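Data first, discussion second: the structure below is written as structure tokens.
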Amino acid sequence: MKGQRSAHLLLLSCVALTAAAHAADNGEGPVVLTTAGRVRGFRQQLNGKVVNSFTGIRYGKAPVGALRFREPQPAEPWTDVADATRPAPVCIQVDTNRRLSRVQGIKVQTEDCLFLNVWSPTRNNSASDLAVLVWIHGGGYRFGSSSLSIYDGALLAAYGDVVVVSMNYRLGALGFLYGGTEDVPGNQGHLDQLLALRWVKDNIAAFGGDQGRVTLFGESAGSMSVDFHLSSPVSGALFQRAIMQSGAMCTHSDRASDPRLLTKVKKMAMYLKCTNSSEPETGLPENVIECLRRADPLHIRVAEGLVCPDTLCFVTVFGVPSLQNEPCRAEYQGSKDILIGHVVNEGGWFASRSFPAVFHAGSPKNLTKIEILLLLAPLLSPPSPQLLDELHNIYTRDLGNTDYEKLRRAVQDAWGDKVITCSSKEASMRLASNTDYSVFYYILNHTSSSSPKKPWYGMAHVEDVLYVFGRPVAEKASSDDQNYSKKLMGLWTSFAKHG
């Protein structure tokens, strides 16, 4: 494979630690002049360094009213010094349960959420030469926020001597609804990310960052978003390297011409009393679009939850101006070093969510080899007895009828392959097939000494994020967890600096 280099970083797993609290400066705080106006942040002392932190910098106009479902617009200039010392508001989203309980001090969701955060270590000189890491959060395009405490970039900035940026982007129907018209182009959330990348290009030098050394990284849907920008000729000029953690677009995107997309939108519009027909058309009628623009955003959230209660609903769409080619078949022609991979047990979270009794941490329900068929069946669409038998044989052929732990792990592996692992491997081969740049593939596994899970479970989906952002170090966890976190922070920031 031309130019490919593979590195399997068989590292080691995790405990879901919460984030360290902000230690806001009591003085005036650092002030930086951006293209839209001045912003005031706060200072933190971390890892022997002072980090200038700016949280909640507006980068886009509020995408409300006539701007709902449209491409984002840059923020209007302001005259006063904007306060960038508080977490940005959370974008409207369907899933608001325990995931958002980790947001520090944020209870309100709003459409006016196009804000970003910057963490920059202080320097003895005024040079703008630090490598920049730009983070895109995950959450299935339907929940999450850059303000989640697990994404606090201060420690990563201090430990790696880099500038860290993260952004909010529109989620769910508000961010990814496709209407088949120029007014509702689809991929609005990705276009928000693009606008944030343009902000970085125009402003990051003022924070000590080098606009020519930008690494885009993300996890899960954030990683899929990185894949989107790798495929976009517009985005490509705005970053030089990429890290894809547990996700690729290939199996999580829809074709614009698929009539099921508009059927889904029409069903949601029916709940909102914007139409009385769920029959698909070539595009949403103007009166339906205007009705959806007038609808209460919280009602849109409820309607989306009714249409898609448990599954990804509105995702990346291709065959549109922002993404013309099918991700699974598009030939990558980029010129970037890429680090891509996944954790060892990607399916653990997904299987546990679907079958909580079977994977209960304290007293899991034991299933025989035959009963495991029931847990594999949802992976096939449409269902096929023959394919189910083949799938069952692939994952359980060497297991006995009472190898309960191994059978549970086999189910997790199957779910992980379906949702994350296979698409990541396919993406790595596609990205490495036509480039002279380096493509590294990794697998992460670490068992935390404080984790209630058994060692066979291994590192699960999302858990690597805690280590990349230094949460075990911030929380003074066990020495093993802290050392593993430092190792990952070192690897990620070294890649951002040197490839």
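Including glycine, each Cβ sits where the backbone N, Cα and C put it.
Among the features that TrEMBL reports, signal peptide is placed at 1-23.
Note on the domain 'Carboxylesterase type B' (30-499): its mean pLDDT in the predicted model is 92. The domain 'Carboxylesterase type B' annotation in TrEMBL covers 30-499.
Summarising the annotation, TrEMBL assigns active site, acyl-ester intermediate to Ser220. Counting every protein chain shown, the number of other Cβ atoms lying within 10 Å of the Cβ of Ser220 (active site, acyl-ester intermediate) is 26.
Sequence annotations record features per position, and here TrEMBL assigns active site, charge relay system to Glu346 (among others). Counted within 10 Å of its Cβ, the other Cβ atoms near Glu346 (active site, charge relay system) come to 29, all protein chains included.
In the three-state DSSP assignment, the secondary structure recorded for His461 (active site, charge relay system) is coil. Note: His461 (active site, charge relay system) has non-local neighbours Ser220, Ser246, Val343, Asn345, Glu346, Gly347, Gly348, Trp349, Phe350, Gly416, Ile420, i.e. same-chain residues 6+ apart with C-beta under 8 A of its own C-beta. TrEMBL lists His461 (among others) with the feature active site, charge relay system.
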